[in-house]
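Novice: Sharing the feature lines straight out of Swiss-Prot:
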BINDING   His59, His61, Asp151, Asp304  Zn(2+) 1 binding site
BINDING   His61, Leu62, Arg63, Asn93, Asn277, His308, Phe322, Gly323  substrate binding site
BINDING   Asp151, His178, His231  Zn(2+) 2 binding site
ACT_SITE  Asp304  active site
Amino acid sequence: MNYLFKNGRYMNEEGKIVATDLLVQDGKIAKVAENITADNAEVIDVNGKLIAPGLVDVHVHLREPGGEHKETIETGTLAAAKGGFTTICAMPNTRPVPDCREHMEDLQNRIKEKAHVNVLPYGAITVRQVGSEMTDFETLKELGAFAFTDDGVGVQDASMMLAAMKRAAKLNMAVVAHCEENTLINKGCVHEGKFSEKHGLNGIPSVCESVHIARDILLAEAADCHYHVCHVSTKGSVRVIRDAKRAGIKVTAEVTPHHLVLCEDDIPSADPNFKMNPPLRGKEDHAALIEGLLDGTIDMIATDHAPHTAEEKAQGIERAPFGITGFETAFPLLYTNLVKKGIITLEQLIQFLTEKPADTFGLEAGRLKEGRTADITIIDLEQEEEIDPTTFLSKGKNTPFAGWKCQGWPVMTIVGGKIAWQKESALV
């Protein structure tokens with residue numbers, strides 16, 4: 001099916017929002033201009049809505065194989081499509097871990113069979129993510145590994161991390177890290193700060209993250225490797241990354257929507273839906289994340305979509321697993337709480353969710369350019385809705401944002417020229 005989207009707006013190559021039509025033919029973007037006419041195309045009047053590149057998320061958890069009670073490739077990618085994401089990068093904390101040919105081939109077959117959006121899997125740095133034996137990077141790259149990470153289990157051994165970075169550099173691949181110094185975690189379930197003190201909970205100190213980033217940055221410099229920092233959360237981490245960039249070290253970083261919108265002061269009670277890793281930090285950390293995003297220290301926004309069951313989250317804040325679901329709330333949360341409040345512009349938000357992650361990792365995504373694959377999201381910037389977890393397509397309903405009123409909701413997502421998801425009656 002060919003589609004002609006009429007009367008939309010998009011961000012042009014100069015970074016300005018302008019009026020446009022957009023023609024999709026044979027799965028590709030055929031033309032982006034005003035007043036397009038075309039035969040043999042279904043005309044869809046978007047009536048002034050935003051025509052955006054499909055959103056790109058480099059940090060997601062799909063849980064399959066091994067955790068299908070939390071999420072599946074089918075449910076997770078359908079939730080991603082509903083959130084406007086057309087390309088997502090799946091972390092390797094599955095069971096089994098994609099750490100060898102057999103496991104990666106199985107994962108890729110599952111993706112091919114079930115995914116509603118483009119899914120790029122990470123390969124594990126170490127076998128079973130336990131940090132003792134490096135995986136075969138060459139084989140994992142051959143089978144389509146997006147980059148290498150041990151995800152939520154930071155590589156604690158410096159010699160192992162250096163060896164991994166050297167091997168990745170030879171393959172022109174990135175090493176991606178969840179940064180925690182295990183000896184400083186302190187069995188914490190929240191940030192070490194006012195909230196932990198008030199509720200008598202063990203806290204995770206900010207330095208637990210920043211000291212690990214500092215170590216890895218120096219290792220990356222020694223290996224001449226692209227090193228990407230997951231979900232930055234502290235003022236100290238922002239400072240370390242900023243200094244490294246100024247020194248010319250190949251480091252990039254991401255921040256989550258929840259760390260941009262919330263801090264520990266916003267946690268109403270010992271609610272496990274506010275438990276994520278890294279935890280919500282203090283006000284100064286929150287301000288530093290915004291500053292880092294605006295000055296280029298932090299390159300992109302990624303959801304860290306981490307679904308869990310209601311039963312798991314009901315165990316209480318100390319025993320419940322870390323993580324919140326993120327696909328279906330990311331854009332409206334960021335648009336409402338950052339763009340509408342004048343903290344960043346709409347153009348910047350689009351870049352942080354599209355071209356910046358795509359460019360950082362060399363993906364042919366993130367831009368509406370003629371000849372490229374038609375991965376597109378239509379967003380109604382005027383639509384206001386209340387976040388209702390019962391309507392999520394993800395199996396995970398674990399969100400701290402239930403009841404929040406937000407503007408800027410995706411209404412249609414196109415992947416490879418085909419409609420992957422659309423809101424009923426939104427485009428008539």
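Placed from the backbone N, Cα and C atoms, the Cβ positions cover glycine too.
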Novice: Return only the integer: C-alpha distance in Å from Arg63 (substrate binding site) to His231 (Zn(2+) 2 binding site).
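Specialist: Counting only the Cα atoms, the answer is 19 Å.
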Novice: Quick one: give me the count of other CB atoms within 10 A of the CB of Gly323 (substrate binding site).
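Specialist: Its Cβ has 23 other Cβ atoms within 10 Å.
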Novice: Give the number of CB atoms, excluding that of Leu62 (substrate binding site) itself, located within 10 Å of its CB.
Specialist: 32
Novice: Of the binding-site residues His59, His61, Asp151, His178, His231, which sits closest to His308 (substrate binding site) by Cα distance?
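Specialist: Given the candidates His59, His61, Asp151, His178, His231, the nearest one is His61.
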Novice: Write out, in the order they occur in the sequence, the residues of the chain not among His59, His61, Asp151, Asp304 that have a C-beta within 8 Å of the mean position of the C-beta atoms of the recorded Zn(2+) 1 site.
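Specialist: For the Zn(2+) 1 site the neighbour list reads Val60, Met91, Asn93, Gly152, His178, Cys230, His231, Ala302, His305, Ala306.
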Novice: Least buried of the binding-site residues Asp151, Asp304, going by other Cβ atoms within 10 Å?
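Specialist: Among the binding-site residues Asp151, Asp304, the sparsest Cβ neighbourhood within 10 Å belongs to Asp151.
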Novice: Taking Cα-Cα distance, which of the binding-site residues His59, Asp151, His178, His231, Asp304 are within 10 Å of Asn93 (substrate binding site)?
Specialist: Asp151
Novice: Taking 10 A as the limit, how many CB atoms besides its own sit near the CB of Arg63 (substrate binding site)?
Specialist: 26
Novice: To the nearest whole angstrom, state the Cα distance for the pair Asn277 (substrate binding site) and Asp151 (Zn(2+) 1 binding site).
Specialist: 11
Novice: For substrate, with binders His61, Leu62, Arg63, Asn93, Asn277, His308, Phe322, Gly323, what's the maximum Cα separation in whole Å?
Specialist: 17
Novice: In the same chain, which residues outside the set Asp151, His178, His231 have their CB within 8 A of the centroid of the CB atoms that define the Zn(2+) 2 site?
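Specialist: Checked against the 8 Å cutoff, the neighbours are His59, Met91, Thr149, Gly152, Gly154, Val176, Ala177, Cys179, Cys230, Asn277, Asp304.
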Novice: Just jot down the residues in the same chain as His178 (Zn(2+) 2 binding site), at least 6 apart in sequence, with C-beta under 8 A of its C-beta; none if empty.
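Specialist: Result: Thr149, Asp150, Asp151, Gly152, Val153, Gly154, Cys230, His231, Asn277.
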